[in-house]
Amino acid sequence: MIGLVVAALLFPAALSSTRPDQLISMTTDGQYHSTRPVVTIADGLTADYHDVSCPDLRGIVRTAVVEAVQGDITIAADLLRMFFHDCFPQGCDASILLLGTPWSEMRMPPNLSLDIRRKVAFLMEDIRAKVHEACGPTVSCADIMALATHDAVVASGGEPYHVPLGRLDSFEPAPLRFVEELPPPTFSIDQLIAAFRSRSLDEKDLVVLSGAHTIGKARCATFSDRFPNSDSDDFVRRLQDNCTTDVNRRQDLDVTTPEKFDNKYYINLKQGKGVLTSDVQLLLNKTTRGYVNDFADNEWWFWNQFGSSMSKMGMLQGPQGNVGRIRQQCY
């Protein structure tokens with residue numbers, strides 16, 4: 001209760017409300033984590049949620065994101081990563097943007113490598129200010145982040161997809177035990193599947209959402225666990241050589257078209273050019289390997305399924321349901 005009061009003082013909101021829970025319960029196998037949060041798929045979110053209250057919303061967000069991506073192409077991958085790290089712990093509630101508290105999610109171990117946090121947070125706040133100036137405080141930071149991520153994908157070469165809206169912003173950051181459920185890049189395929197199932201996401205969602213690695217970079221330290229095998233793998237040896245002088249050096253996750261949202265990530269995987277352990281692991285399971293092959297062979301099918309999985313992930317919510325506020329400051 002104290003945490004809620006402090007959060008309210010730090011991040012005043014114009015609107016605060018609750019909405020009735022209409023949930024499709026997830027299933028779990030009991031093998032992933034003993035303190036797993038109850039993350040479910042929300043009902044009641046709709047693409048036209050703000051059409052009456054803020055008809056210019058999509059145009060405002062799109063203009064700002066396109067301008068940002070044109071000025072810094074890396075912002076597209078940054079937004080995708082931040083959106084995933086926001087949604088996975090307790091649903092898409094913009095809790096990851098709350099930077100001004102000692103218990104901020106960005107200070108927690110799974111997020112310490114997100115050095116792009118302030119760049120994304122500042123962009124979200126800039127867009128929020130423009131949206132609220134045009135429409136009043138009717139749109140949450142969570143909805144703005146979902147739309148901005150979509151527009152970043154499109155601006156980098158991807159296809160448009162359905163974005164459900166109507167989220168509320170979290171009162172406070174997600175608890176550490178929830179954030180620790182984020183799957184690290186060193187996970188095995190069995191661990192990855194279990195982690196995604198704990199969020200009502202299946203093997204196809206795992207492979208599809210991993211396709212976001214078609215843009216962006218990773219620090220050498222995040223895949224250094226592969227280096228002991230470099231003697232038997234020419235590609236890993238080249239990765240290691242590139243990282244010899246600095247473990248914080250960045251490596252393109254898509255070594256073919258790192259700034260274009262396409263299906264080359266999957267083609268690279270089939271050619272033995274996956275960067276992260278979690279990328280390579282997708283080939284070690286019959287089901288996930290089948291999806292890798294499908295997306296490598298058909299870019300349109302990847303785009304189609306990426307939109308479906310992003311919409312599905314965008315509807316995740318925590319055990320409290322869609323409860324929160326519309327913040328007047330995103331961070």
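Including glycine, each Cβ sits where the backbone N, Cα and C put it.
These figures come from a predicted structure and were not determined experimentally.
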Ca(2+) 2 site partner of D254, T257, D262 (as recorded in TrEMBL), chosen from T149, T186, T214, T222: T214
Cross-link partner of C87 (disulfide, per TrEMBL) out of C54, C92: C92
From E67, E105, the one annotated by TrEMBL with D86, G91, D93, S95 for Ca(2+) 1: E105
C330: disulphide-linked cysteine among C141, C220, C243 [source: TrEMBL]: C141
Nearest of the binding-site residues (S95, E105, H213) to C330 (disulfide bond) - Cα to Cα: S95
Rounded Cα-Cα span from H213 (heme b binding site) to R81 (site 'Transition state stabilizer'), Å: 9
Using Cα positions only, nearest of the binding-site residues to C141 (disulfide bond) (D86, G91, D93, H213): D93
Euclidean distance between Cα atoms of C243 (disulfide bond) and D93 (Ca(2+) 1 binding site), Å: 36
Model confidence over the domain 'Plant heme peroxidase family profile' (44-331), averaged pLDDT: 93
Number of other Cβ atoms within 10 Å of the Cβ of C141 (disulfide bond) across all protein chains: 33
Assigned conformation of G91 (Ca(2+) 1 binding site) - DSSP reduced to three states: strand
